[in-house]
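S.K.: If you scroll down you'll find the structure; I have some questions about it.
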Amino acid sequence: MAVFQLPEWMALAPALIMAATALALFVFDSISPRSTSRSLLAGTAAGGALVSLGVAVWFTVAGVGTPTIDGGRGEIEPIHGLVVDQLALYFMIIVAIVTALIAVASYDYLAGHTYQAEYYSLVMLAATGMSMMAAANSLVTIFIALELASLPSYALVAILKDNRGSVEAGLKYFLIGALSSAIFVYGISLVYGATGHLYLEDIAAVIEAGEADSYGGLLGLGILMLIGGFAYKTASVPFHFWAPEAYEGAPAPISAFLSSASKAAGFVIAFRVFTTAFPLEATRELIGVDWTLAFVILAIVTMTLGNFAAATQNNVKRMLAYSSIGHAGYALIGLAGLTADGGELVMGAAMMHLLVYGFMNTGAFLFVALAEHWGVGRTFEDYNGLSAQAPVACAALVVFMFSLAGVPPFAGFWSKYFLFTGAIGIGSTAMLVVAGALVVNSALSLYYYSRLVKAVLIEDPLPDRGVLDQPVGLYAAIIVAAVMTVALLAGFGPIADAATDAAAAALA
Amino acid sequence: MAGTGTFSYAPAIALFPLVAFVVALVFGKYMPKKGAIAGIFATAGSLLLSLVMFAAVAGGEVYHETLYEWTSGDITSQVGAEEIEFTFGILLDPLSTLMLVIVSLVALLVHVFSLGYMNAEGETGLPRYYAELGLFTFSMLAFVFADNLLMAFMFFELVGLCSYLLIGFWFRTRSAPSAAKKAFLVTRFGDYFFLIGVVAIAATFGTVAFAGDDSFVTAAETAINDGTQLFGFDARTWVTITGLLVLGGVIGKSAQFPLHTWLPDAMEGPTTVSALIHAATMVAAGVYLVARMFGYYALSPTALAIIAFVGGFTALFAATMGVVKDDVKQVLAYSTISQYGYMMLGLGVGGYVAGVFHLMNHAFFKALLFLGAGAVIILMHHEQDMWKMGGLKDKAPVTYYTFLAGALALAGIIPFSGFWSKDEILYDALIVGLEEPVILAAYAMGLVAVFFTGFYTFRMVFLTFHGEPRSEAAEDPHPVGWAVKVPLITLGILATVVGLANLAPIAKLLSIDITFLEFWLDGEYGAIEGLTYHEYHETVPFEEGYISSETVTMLIGAGVSLGLALAGAFTAHTLYNVPEPSRHMTKLGGAYTVLRSNYYQDEFQVWLAEGVTQPIARAADRFDRTVIDGTVNGVSSISLFGSSRVKRIQTGIVTNYAALLVAGFIGLLLVLGLYGGWF
Amino acid sequence: MTVAVEYYVLLSMGLFCIGLFGVLTRRNALMFLMSAELMLNAANINLIAFAFYHGNLTGQVFALFTMALAAAEVAVGLGIILVLYRNFRDVDVTVPTTMRW
Amino acid sequence: MMIEILIAVALVGALVTFVAPNRIAGKLAFAISLVPAVLSLWMFTAFDGSGNALLDGTLAFESQYEWLQLGEYSISWFVGLDGISIPLVVLTTILVSLAIMSSWTPIDDRESQFYGLVLFIEANLIGVFSALDFFLWFIFWEAVLIPMYLLIGIWGGPRRKYAAIKFFVYTNVASLVMFGAFIALVFGLGDSVTSFALPEIATAMLNGGPDGFLGLEGTTLTSVVFVAMFLGFAVKVPVVPFHTWLPDAHVEAPTPASVLLAGVLLKMGTYALLRFNFTMFPGQVETYAVPIAAIAVISVIYGAMLALAQTDLKRIVAYSSVSSMGYVILGLIAYTQFGVGGATFQMVSHGFISGLMFMAVGVIYNATHTRLVTDMSGMADRMPVAVGILIAGAFGYMGLPLMSGFFGEFTIFFGAFGAEQLPYSQVFTSLAMFGIVIVAGYLLFALQRTVFGPYELETDYEVGRAPLHDVVPMFVLLGIIILLGVAPDLIFEMITDAVDPILNGGEL
């Protein structure tokens with residue numbers, strides 16, 4: 001296959017393409033800062049994202065990361081600290097997909113908006129950071145990539161400079177972010193102190209060799225602080241506080257971007273670090289407790305708090321924000337369910353969920369973007385009877401809602417039920433409790449998701465509502481997302497295989 | 001079996017009316033006479049075929065054929081049968097053919113009468129009427145020749161449906177639908193036990209056939225002889241239980257105490273319907289069923305005794321109520337209940353022949369009386385209150401004399417048909433009663449009832465036809481046509497002479513063989529193994545005793561009952577056969593009100609429905625809405641409340657977030673630390 | 001003479017806690033930011049100390065990265081604080097509470 | 001391949017109808033729905049299966065394709081029919097066609113969406129009755145809920161929103177419980193199963209069952225799972241005390257939705273009970289015979305008593321469905337050929353009869369715009385034909401001989417009375433049979449008040465006869481009911497053929 005001829009550094013192409021696009025947009029911006037040729041800018045961004053997506057898919061198909069014994073190319077490590085394997089590619093794909101979707105959607109959303117190039121380049125930069133996070137396998141690169149993803153995000157959230165909500169969101173996001181990254185770095189320093197390494201596999205080696213025995217407490221605290229960092233990125237309790245405001249205040253496409261791609265990126269580093277650096281048994285002997293316990297607790301608390309808080313929201317965007325916290329809780333099961341002997345089933349399920357989530361949640365937020373574009377308002381009541389005026393978009397919304405609720409016949413069903421299945425399959429009491437929590441929360445989530453469906457489909461339309469146009473970009477993005485959400489139900493096989501294989505490889 | 005040639009037409013007996021039903025329902029609107037013609041032809045055809053079958057049986061042939069398998073399957077019955085078949089089949093033996101003739105004859109006559117009663121009166125909805133009549137006739141005939149219990153039950157239910165529909169024929173009134181509902185519900189209550197009985201018998205013996213070696217009767221007999229345990233009971237007890245369960249249906253349909261209350265209300269239906277369904281045929285279905293599976297009851301003295309006692313009690317009970325009614329149809333209704341009580345009494349004491357005999361006679365004279373009443377109602381311009389009648393004797397001689405014949409038969413005055421059968425019943429009851437005190441009590445009640453019967457019958461006759469007209473309607477009655485007269489005359493003759501079929505007393509006195517019906521039922525001419533009088537008689541476990549000699553006993557019995565009947569008639573004569581009869585209610589004193597209100601039976605049942613069931617239902621409903629549904633809604637409201645609280649931690653102040661974040665982090669640290677024993 | 005690594009850890013932890021205290025108590029956005037920076041630097045101390053202790057340079061290199069990123073963070077942060085002031089006429093972090101619950 | 005065609009036709013039809021103009025949607029949908037109806041009838045005549053689908057019987061129209069792999073378990077598209085499922089499929093297709101025709105009159109708003117959803121339901125219902133892989137089955141099982149939720153919610157009565165959400169959430173939670181239990185069971189079975197194909201699982205269950213899971217003994221696990229699944233299905237059936245969603249849903253649902261809800265959706269529950277609990281857990285069936293029989297009897301009597309207290313015609317029929325479903329449970333727990341066979345027959349029979357009842361009530365409602373018994377009187381005077389059918393249907397409901405209801409009830413009673421493994425079966429049966437008196441009670445009361453008596457109705461318009469296309473479906477149903485009542489062996493033979501293996505513990 002063609003991959004063989006490519007130089008090794010090309011393995012990072014998905015991320016590099018993003019970076020290149022970002023730079024290109026920067027250059028463009030500096031040439032004509034006032035330019036508002038939306039089609040060009042959005043086109044470039046989307047194009048870049050799509051190319052990156054294509055390359056990532058191509059690599060996956062070409063067998064990059066697949067163990068050589070399985071006839072694959074094996075994982076490539078162009079630079080010390082950046083590895084390209086199935087896991088990396090899988091999440092690069094997610095990031096690319098979401099980026100492409102929101103780039104297309106922003107075409108309409110940013111209409112009549114200044115400094116567009118800036119916006120797009122920031123998006124692409126953040127995307128680059130996220131792709132990097134997917135590939136990073138050293139705490140150094142992880143931290144850098146994480147910051148590379150975070151810093152543009154702060155700016156993006158606050159990009160509506162004259163919108164108090166946006167600014168407030170940016171502020172909160174940033175402050176909590178600063179705090180969290182401080183904690184994260186401190187955690188890194190402690191881990192480094194305990195093991196003397198920042199490269200994940202070396203850390204693992206040290207721990208397994210038992211050379212760090214004297215620093216159990218230090219390491220434990222460090223690990224916990226790392227968890228804090230991930231929890232922040234994935235908007236998990238107790239580091240979730242920024243999320244509701246940030247998602248609510250930010251421009252809807254950015255909310256979609258953060259809640260889907262950024263969350264996924266957060267998870268990939270978590271997966272990477274904990275599967276590579278901290279082998280369960282050795283670590284347990286060292287710190288005296290399974291770090292999975294932390295994730296069990298986080299998972300339960302996060303999904304419960306997210307769903308419960310979402311149940312009685314009046315602002316649709318905020319409801320989605322909380323639901324996104326709830327879904328972080330679901331995905332955390334992927335880490336909570338890891339066991340010494342495998343657990344790739346549940347981790348794979350979590351990865352599937354993140355991919356599907358990339359479509360359905362992005363789509364949902366983009367519908368909000370559409371609503372904001374129409375200016376129909378933000379609460380459930382404002383959405384009443386939209387289906388009468390925009391049947392297609394509302395049909396898509398129904399798909400997203402029920403898919404988020406995990407009801408067939410939508411892809412959300414698979415991932416969520418595989419998570420459920422995996423959780424039960426672990427067979428430990430803790431995971432049984434998690435599964436129980438999942439049931440309770442699903443029931444609750446059914447309530448508020450169907451509430452939105454009720455608003456747009458069942459309630460009578462508001463009398464004084466003007467005609468609603470059909471912005472091409474937003475519609476395109478939403479419909480693509482919806483179609484994918486449905487189509488994935490049938491075509492779930494490849495994804496399930498890719499995810500479980502990646503998980504298995506990571507755990508191996 | 002021989003004679004299938006003729007018998008192969010047997011199904012048509014029932015199918016003709018079915019066709020009539022469809023025709024009348026679909027095309028009735030466009031037909032002359034609105035479908036009556038179809039009905040008349042159909043019933044005539046049925047009658048013809050029935051007579052053919054009758055002749056064939058008389059020729060010594062019988063017919064027992066399974067026509068159609070409804071379903072079949074594996075079971076594990078108590079007596080070890082591995083498989084059971086539920087079928088539709090025809091059983092033509094003396095009993096069923098006799099009944100077929102009776103039913104189809106009465107049905108035909110009623111159809112004809114309807115021409116005068118319904119068509120002439122310009123009723124609306126006639127197609128519906130004739131269709132329902134057709135459906136009824138079909139179901140009734142099918143019930144009669146059913147060869148197994150399940151089939152019997154099914155058509156038993158169907159006649160119930162038709163009864164419901166026909167009682168409610170005048171559905172635009174308030175009373176008719178209510179009466180129809182009551183009729184169906186009360187009988188349904190009986191059928192509930194009947195159905196349990198059917199299920200139980202089927203599950204016990206793995207068969208529901210009436211006749212043949214694989215009949216449940218035979219199976220029960222063997223079980224009793226082998227002393228098998230059935231569902232934890234010894235065989236005879238179980239037979240008694242199941243028998244009584246089936247009896248539930250009988251009591252409902254034949255309007256025996258305590259499920260008799262529907263019949264008087266059923267008089268809301270057209271009089272023709274009352275004549276056909278609520279006097280001659282459907283009500284007979286119950287008694288017929290007992291006769292049909294008499295072999296089974298014969299196995300259980302307890303069941304028989306209960307049948308006899310219920311019969312005797314009902315006979316008296318209903319008769320007393322008949323005494324005080326003003327509506328001519330009401331009187332007839334109570335007399336019907338009473339008469340079926342006699343039949344039950346007869347069967348209960350093992351007087352199989354007597355019971356069937358009375359069944360036949362009653363079919364004719366009661367149909368006659370009802371049709372007569374119908375004629376009177378025409379005469380009276382739809383006035384049914386006897387106190388508004390009077391003096392019709394001369395104005396409508398045909399009606400009068402036929403009615404009189406019926407009355408004499410009903411009262412049991414020699415030599416009219418009623419006398420012979422009723423006397424035979426009482427005789428059988430007496431001879432058994434001399435050994436069995438319970439039966440003696442039943443006999444006593446039956447005997448007393450004779451007096452009342454005579455009384456209310458002639459009270460009715462006198463009030464209706466004698467004396468001076470008591471209303472202008474009675475002054476110039478509406479004339480009646482041939483369609484009315486022909487059936488009356490036919491039935492009148494029958495009511496008079498049909499008693500000749502079984503002159504048991506005469507036969508005993510002169511010791512000549514003229515008890516034809518007995519021979520008939522005993523299979524002298526042809527019968528199916530096991531379904532004959534003497535076999536029943538052998539199975540029936542009752543001793544029989546005599547006062548000095550059989551003949552003396554018979555004469556005493558006959559004399560007493562005849563005397564009482566005449567006494568009743570005479571009392572009525574003295575009280576009511578005067579130009580200006582008065583109600584004489586004071587003579588009865590307090591009893592009068594009790595009787596007028598039917599011993600508060602209806603009140604009691606209404607109380608059961610509205611005083612007991614309804615409150616329970618409402619309570620259940622309240623419980624359902626509050627407790628059960630409340631729990632469901634409670635869960636959701638609780639979680640929503642929780643949600644509204646949970647989201648409060650998002651205070652919007654970033655400093656709090658930082659604090660909470662750190663707190664949460666420390667909490668996590670503590671948990672893990674405690675687990676890991678870091679400190 | 002060398003100081004045992006434990007003391008460095010204690011120092012950094014103290015610094016970290018000071019920063020944390022600042023984060024929790026300061027309502028002025030800038031002070032909040034500074035406190036966060038303090039925490040970062042606490043981490044740096046750790047890194048350098050441990051690098052010295054373990055005798056490899058990874059930690060020190062990483063510390064450099066951290067500083068660079070801290071600088072970037074401050075840059076973005078100041079930008080946000082600027083627009084915050086523009087919109088709310090204040091840099092008190094507890095003022096913007098338009099979105100809650 | 002036939003089953004796929006049926007489902008495909010319904011699905012494509014649904015899409016076509018969605019986009020069709022409202023004007024023609026009804027007729028179009030009816031025309032489309034005729035295809036599955038005719039095809040399924042042909043399949044019925046061409047049915048060549050034998051034995052039970054789960055217990056290595058020979059399936060009719062079987063087809064199986066690997067879908068995706070979940071850990072070591074494979075999930076496949078696996079459909080096929082046996083003597084139990086084909087009558088239910090025919091019931092579905094016929095009832096849907098008739099329901100569509102019966103909704104021409106009442107549905108006058110957003111027709112295309114309405115009929116599209118109905119066809120969508122049909123597709124999923126066919127799937128439920130033909131799917132033989134657990135996940136596939138579960139997808140169809142759940143996918144039925146969404147369209148029904150919308151049918152009730154959009155076209156329903158005044159309290160439709162409450163009823164719809166209640167129905168949706170309640171039944172979904174039940175499904176989740178059942179799902180979890182079943183997954184636990186599958187994992188408990190360990191290596192003896194390698195897929196979610198129901199036959200495989202059933203075989204494994206009959207050959208020893210699970211060897212313990214979640215720290216539970218094998219037998220304990222089996223019992224727990226049995227109970228959990230029973231509860232899960234009990235909501236759907238519904239049996240007391242999980243029935244409260246039913247009256248609300250029925251009362252609020254538009255007539256055609258009620259027809260499908262009572263006619264087919266309730267049967268899903270009993271069908272699932274038969275397929276899972278009563279096929280895979282013979283041991284537990286014996287253990288829990290008494291409590292289940294008690295539940296059945298309570299459902300019969302209590303449901304009937306509730307019906308007795310209602311004044312809304314639809315509520316009456318709804319509660320009477322609870323009562324009738326109680327009979328089905330009784331027949332199942334009897335565990336004899338006649339009991340289980342009769343129960344299955346009763347599913348079909350009650351499907352037709354309750355459909356007929358709801359149609360008749362609907363027709364009267366169309367004319368009177370009230371369903372309250374107290375509001376009307378003497379309707380027979382104005383709409384003789386419709387009322388005639390209503391009366392016929394009512395008597396069918398009361399189990400009038402020569403109508404299918406009687407056969408169903410009689411066989412159930414007969415099968416239950418002699419049931420060997422059900423203690424006190426005679427008592428239970430006799431108690432349950434009292435239902436036939438109460439049902440007569442409330443139906444006759446209702447008839448007496450509404451259709452008989454002098455004509456009274458507060459309307460400002462003239463109530464006329466029902467249009468032909470309202471009456472035709474009812475005639476068809478009546479014909480079917482009588483046909484099945486006279487010749488039950490049309491389906492009873494194939495049913496018992498499929499039931500026998502269950503009772504013989506797998507052997508034919």
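Backbone N, Cα and C atoms are what each Cβ position is placed from, and that goes for glycine too.
Annotations per TrEMBL:
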{"type": "DOMAIN", "residues": "A:136-434", "note": "domain 'NADH:quinone oxidoreductase/Mrp antiporter transmembrane'"}
{"type": "TRANSMEM", "residues": "A:6-28", "note": "transmembrane segment"}
{"type": "TRANSMEM", "residues": "A:40-61", "note": "transmembrane segment"}
{"type": "TRANSMEM", "residues": "A:119-136", "note": "transmembrane segment"}
{"type": "TRANSMEM", "residues": "A:173-194", "note": "transmembrane segment"}
{"type": "TRANSMEM", "residues": "A:214-232", "note": "transmembrane segment"}
{"type": "TRANSMEM", "residues": "A:252-271", "note": "transmembrane segment"}
{"type": "TRANSMEM", "residues": "A:291-312", "note": "transmembrane segment"}
{"type": "TRANSMEM", "residues": "A:319-338", "note": "transmembrane segment"}
{"type": "TRANSMEM", "residues": "A:350-371", "note": "transmembrane segment"}
{"type": "TRANSMEM", "residues": "A:392-411", "note": "transmembrane segment"}
{"type": "TRANSMEM", "residues": "A:417-444", "note": "transmembrane segment"}
{"type": "TRANSMEM", "residues": "A:472-492", "note": "transmembrane segment"}
S.K.: Cβ under 8 Å, sequence separation of at least 6 from the ends of the transmembrane segment (A:350-371): give me the contacting residues as numbers and ranges.
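M.R.: Answer is 90-91, 93-94, 97-98, 101-102, 105, 109, 247, 251-253, 255-257, 259-261, 263-264, 267, 271, 316-317, 320, 323-324, 327, 330-335, 377-378, 382-383, 386, 390, 393, 396-397, 399-401, 403-404, 410-412, 414-416, 418-419, 471, 474-475, 477-478, 481-482, 484-485, 488, 492, 495-496, 499, 502-503.
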S.K.: Given a Cβ distance threshold of under 8 angstroms, which distant residues of the chain, six or more beyond its ends, lie next to the transmembrane segment (A:173-194)?
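M.R.: Cβ under 8 Å, 6 or more out: 139, 143, 146-147, 150, 153-154, 157-158, 203, 212, 215, 218-219, 221-229, 231-233, 239, 241-242, 245-246, 250, 277.
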S.K.: Checking distant contacts: for the transmembrane segment (A:319-338), what same-chain residues at least six beyond its ends satisfy Cβ-Cβ under 8 A?
M.R.: 234-237, 240, 243-244, 246-248, 255, 259, 263, 267, 270-271, 274-275, 280, 292, 295-296, 298-307, 309-310, 313, 345-351, 353-354, 357, 361, 364-365, 368, 380, 404, 416, 419, 422-423, 426, 430-431, 434, 438, 441, 445, 448-449, 452, 507
S.K.: Any residues 6+ beyond the ends of the transmembrane segment (A:119-136) with a Cβ under 8 Å from its own?
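M.R.: For the transmembrane segment (A:119-136), the nonlocal Cβ contacts are 12, 14-15, 18-19, 21-23, 25-26, 29, 41-42, 44-45, 48-49, 52, 81-84, 87-92, 95-96, 99, 102-103, 106, 110, 113, 142, 144-150, 152-153, 155-156, 159, 254, 257, 261-262, 264-266, 268-269, 272.
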S.K.: Cβ under 8 Å to the transmembrane segment (A:472-492), counting only same-chain residues 6 or more beyond its ends: which ones?
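M.R.: Contacts with the transmembrane segment (A:472-492): 42, 101-102, 104-109, 352, 356, 359-360, 362-363, 366-367, 369-370, 373, 392-393, 395-396, 399-400, 403, 408-414.
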S.K.: How about long-range neighbours of the transmembrane segment (A:291-312): same chain, 6 or more residues beyond its ends, C-beta under 8 Å?
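M.R.: Contacts with the transmembrane segment (A:291-312): 223-224, 227, 231, 236-238, 240, 244, 274, 278, 280, 283, 319-330, 332-333, 335-339, 430-431, 433-434, 437-438, 440-441, 444-445, 447-448.
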S.K.: In the same chain, which residue numbers or ranges, 6 or more beyond the ends of the transmembrane segment (A:252-271), come under 8 angstroms Cβ to Cβ?
M.R.: 87-88, 91, 94-95, 98-99, 101-102, 105-106, 109, 123, 126-127, 129-130, 133-134, 136, 142, 145-146, 149, 153, 156-157, 159, 227, 230, 232-235, 243, 246, 317, 320-321, 324, 327-328, 331, 334-335, 347, 350-351, 354-355, 357-358, 361-362, 364-366, 368-369, 372, 503, 506
S.K.: Which residues of the same chain, at least 6 past either end of the transmembrane segment (A:392-411), have a Cβ under 8 Å from a Cβ in it?
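M.R.: 323, 327, 356, 359-361, 363-364, 367, 370, 386, 417, 442, 445-446, 449-450, 452-453, 456-457, 475, 478-479, 481-482, 484-489, 492.
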